[in-house]
Amino acid sequence: MLFTPGSTAYLYFFRKKEETLPIEDRWWGSGQKPDSEEDATIHPFKVETTDEELNDLFRRLDQARFTEPLEDSCFCYGINSVYLRKVVSYWRNQFNWKKQVEVLNKFPQFKTKIDGACVHFLHVKPPHLPEGHSAKPLLMVHGWPGSFYEFYKVIPLLTDPAGHGLSDEHIFEVICPSIPGYGFSEAPHKKGFDSVCAASIFYKLMLRLGFHEFYAQGGDWGWLIGTNLAQIAPNHVKGLHLNLVSVLNMRFTQLLSILLGRYFPGLFGFQKEDVKRMFPFLKKGLYKMLMESGYAHIQATKPDTVGCGLNDSPVGLAAYILEKFSTWTDPEYRKLEDGGLERKYTLDDLLTNVMIYWVSGCMISAMRFYKENIGKGIGTQKHAKLPVRVPTGVASFPNEVMHTPRSWAQKKYTNIITFNFMPQGGHFAAFEEPELMAADIQQFVGKVEREECWREMRK
């Protein structure tokens with residue numbers, strides 16, 4: 001292509017603007033936005049509990065009603081109530097929520113008001129920095145039905161790698177917010193709070209903390225929020241690391257690769273591992289997605305209806321959440337009577353995540369996030385049509401709900417510099433495989449820093 005002075009000016013002034021997602025500046029608080037300037041104070045926060053809260057929980061657990069499962073059904077019909085009884089018994093008689101509150105409070109937590117919503121976040125600084133080192137800010141974003149607690153095992157590996165036998169070449173300062181409507185972040189009071197709105201709030205949070213250049217990481221909704229953040233502020237996001245990638249707009253070549261990729265993988269840029277994970281596509285793609293997306297249809301249409309029951313019943317809430325931690329960790333766990341839940345997690349860890357939803361009463365507002373995003377139409381919003389130009393790293397875990405090959409991902413993420421097939425793990429990667437996750441983040445950031453990829457992008 002011949003670049004004339006006129007065409008160069010057009011590309012600079014118009015194409016660059018076209019590829020940047022506008023930041024959302026809306027008011028999510030109750031009522032009308034006040035005329036006065038919003039208080040930007042950052043307040044320390046600690047999780048607390050009371051005997052009254054626990055007594056109410058115990059009363060509800062004691063009054064739980066169970067339905068006997070079908071014979072030999074395991075987890076194929078959802079959570080198995082025989083195993084659920086065991087979980088409830090442990091929850092009622094052995095689980096120590098007060099002790100887990102202490103665990104939650106081991107990392108510094110804060111709250112601050114942004115666009116009318118009180119945002120909760122962890123801010124974990126390195127315990128010590130070697131001479132000549134500076135900590136790299138890293139924003140880590142959770143998804144559903146997880147929480148900020150998903151990152152508790154990986155955070156020490158990132159903020160204190162040397163203390164855990166890892167290289168201290170790259171040391172991170174981790175900021176881990178709760179999505180508004182999740183955990184201890186205030187729920188939006190108005191309709192329309194989607195991933196772009198969440199990304200806008202987290203961008204403002206990072207600026208408020210004094211970070212004008214930072215890395216972002218996410219899976220599940222964290223994938224989309226991180227993607228939107230990179231589209232909003234490409235000159236501030238030095239790199240985007242994802243453990244889930246989804247393509248919202250399928251092109252003809254991608255559709256064709258579904259039909260022919262198994263037989264001509266090289267023609268479509270597929271590797272052997274792609275073929276293994278994707279084909280036969282009816283079984284591993286379409287059928288698998290239909291089997292695992294029922295919850296999303298409910299939450300994208302009438303979240304408040306089912307949410308009322310989950311918010312009122314701790315046993316129902318646990319059943320709804322724990323079934324996802326079974327199947328999304330490994331689909332083969334459906335064939336086990338205990339759902340394989342304790343193969344990768346402890347009951348203390350699983351119930352701590354459930355308790356974050358229970359004590360905050362956030363399940364309905366968390367489910368609404370599906371309606372605000374999917375309810376608008378998949379692939380119809382502006383962010384779905386814009387590329388991501390920031391350096392991107394992908395950790396592709398074998399048991400993720402859906403596999404996206406690099407050749408598909410790079411149509412959206414045009415600057416993928418690392419794409420690694422992980423040896424094991426599923427959807428809740430940081431929770432399940434913190435060592436693998438930390439190592440992949442370290443590798444990605446190392447490559448970005450060595451090659452100064454972000455500088456090239458900003459030219």
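FYI, residue positions are counted from 1 along the chain as it appears here.
Cβ atoms are placed via backbone N, Cα and C, with glycine included.
Just so you know, TrEMBL annotations never went through curation; they're auto-generated.
As recorded in TrEMBL, the features of this protein are as follows:
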ACT_SITE  Asp220  active site, nucleophile
ACT_SITE  Tyr370  active site, proton donor
ACT_SITE  His427  active site, proton acceptor
DOMAIN    42-151  domain 'Epoxide hydrolase N-terminal'
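A map of TrEMBL features onto the structure.
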residue	record	CB count, 10 Å
Asp220	active site, nucleophile	23
Tyr370	active site, proton donor	20
His427	active site, proton acceptor	24
Residues of the domain 'Epoxide hydrolase N-terminal' (42-151) by DSSP state, where helix covers H, G and I: 37 helix, 26 strand, 47 coil
Cα distance (Å, whole number) from Asp220 (active site, nucleophile) to His427 (active site, proton acceptor): 8
Cα separation, Tyr370 (active site, proton donor) to the residue listed as 'active site, nucleophile' (Å, whole number): 12
